[in-house]
Amino acid sequence: MSDAILVLNSGSSSIKYALYGASPDLPRLLHGQIDRIGLGPEHACDGVDTPLPLPGDATHADILDWLLAHLQQEHGALSIIAAGHRVVHGGRDFAEPAQITEDAIARMERLAPLAPAHQPHNLAGIAAVARRWPQVPQVACFDTAFHRTQSRIAQLFAIPRQFSDDGVLRYGFHGLSYHYISTRLPDVLDKPDGKVIVAHLGNGASMCAMENRQSAATTMGFTALDGLVMGRRCGELDPGVIFHMLRDRGMTVAEVEDMLGSDSGLMGVSGISSDMRDLLASDAPAASEAIDLFVYQACKKIGALAATLGGLDALVFTGGIGENSAQIRARILEGCAWLGATMDAGANAANASRITTPDSRLAAHVIPTDEEGIIAVETRKLLRN
Ligand code: ADP
């Protein structure tokens, strides 16, 4: 039997998972993903489709139980010695990965109302591992933790201070992705400790301003709704819109929450799709307007974050759109000409690592993110300590 670390990233409509050998270099043994949970789940592992023997409306718990049994059956020669999980919200309590205990679970459950679409599913992954392998130590890695280095000013909303004292703060998310990228900066940048903006552009999208490879500011806030235009989330919004919907349009709180969290963003503006590929392929005017707004907001946030850093040395693109869409990167880089960006069109079209010319004052790079990989690293590190 050889030792392995299981990583689970159990999200709202998908579960990503991976197994790593437990040696210091953490070789990845497999990586799989179950999508469309609730709509007839689809499963692929290392590019091979394996249908789930479960009904279309199977819950996260059903799917997780099947997945763990399947991994045990298919990989009987592996002994799972630890499990690491993505947990979206760590609040003020968790600035570092934490070993799972009953107390830690209770504290994570208390944070669930702040991330209702994610936290319960993250916790379902922890519960499923505890059911199948009760003796296996588990570690939670938080999406908020990377941002705990921010100054108090960067975290404050301008609301009465009793609420800030009570934890109504800008937490920020996508921290596992930013943490991973921060570990890669020395490999690609001349000034890895300089002023860097990382743009994580996927279905969820945010940006993080880093200095000394630590988070200094970010676009997401108390929840993952704030900031950039996302697949289905509105991003930056005047809170007055919410009162208008509630007071003047007779919508319920749940309806407004659904509208801003599931029916807005690229989907809401285009009326066509939340998927950037669909919009780029469409010739409908509403699709181009949604893309224009996505790019406009991205450029606006880059300007704001560069101002918080007092300048900008490098811009890094990651996430599904950031890693794959030369067209969106090109448009954002055009908007960064004033910051000294000169794109290398050939390198950009090839999704190369550096996509600006050698003499460009602002360096722009593409770095594929690896949230599961950083969870494996942190899980091994915590358990060895
Ligand atoms: P999630 O936030 O769910 O992890 P991803 O990081 O996988 O999402 O990003 C999904 C987004 O990436 C979708 O909008 C998808 O259209 C977009 N995307 C993936 N590949 C491409 C591509 N080649 N061109 C444009 N967009 C792409």
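Using the three backbone atoms N, Cα and C, a Cβ is placed for every residue, glycine included.
Note that TrEMBL annotation is computational and uncurated.
Bear in mind that the values here come from a model prediction, so they are computed numbers and not experimental data.
What TrEMBL says about this one:
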type	residues	note
BINDING	Asn9, Glu371	Mg(2+) binding site
BINDING	Lys16, His200, Leu201, Gly202, Asn203, Gly204, Asp275, Met276, Arg277, Gly320, Ile321, Gly322, Glu323, Asn324	ATP binding site
BINDING	Arg86	substrate binding site
ACT_SITE	Asp143	active site, proton donor/acceptor
SITE	His174	site 'Transition state stabilizer'
SITE	Arg233	site 'Transition state stabilizer'
Kindly assign Asp275 (ATP binding site) to one of the three DSSP-derived states: helix, strand or coil.
coil
Just name the most isolated of the recorded positions Lys16, Arg86, His174, Arg233, Arg277, going by other Cβ atoms within 10 Å of its Cβ.
Arg277
Using a 10 Å radius around each Cβ and all protein chains in view, which of these recorded positions has the most neighbours: Asp143, Asp275, Glu323, Glu371?
Asp143
Quick one: Cα separation, His174 (site 'Transition state stabilizer') versus Arg277 (ATP binding site), in Å?
22
Give the maximum pairwise CA distance in Å, whole number, for the residues Lys16, His200, Leu201, Gly202, Asn203, Gly204, Asp275, Met276, Arg277, Gly320, Ile321, Gly322, Glu323, Asn324 listed as binding ATP.
21
Once near-sequence residues are set aside, which residues in the chain of Ile321 (ATP binding site), 6 or more away, have Cβ atoms under 8 Å from its Cβ?
Leu201, Gly202, Ala205, Met276, Ile328
Secondary structure at Leu201 (ATP binding site) (DSSP, helix/strand/coil)?
strand
Of Asp143, Asp275, Arg277, which recorded positions come close to ligand 1, meaning Cβ under 6 Å from one of its atoms?
Asp275, Arg277
Can you figure out which of Asn9, Asn203, Asp275, Glu323 (the binding-site residues) comes closest in space to Asp143 (active site, proton donor/acceptor), comparing Cα atoms?
Asn9
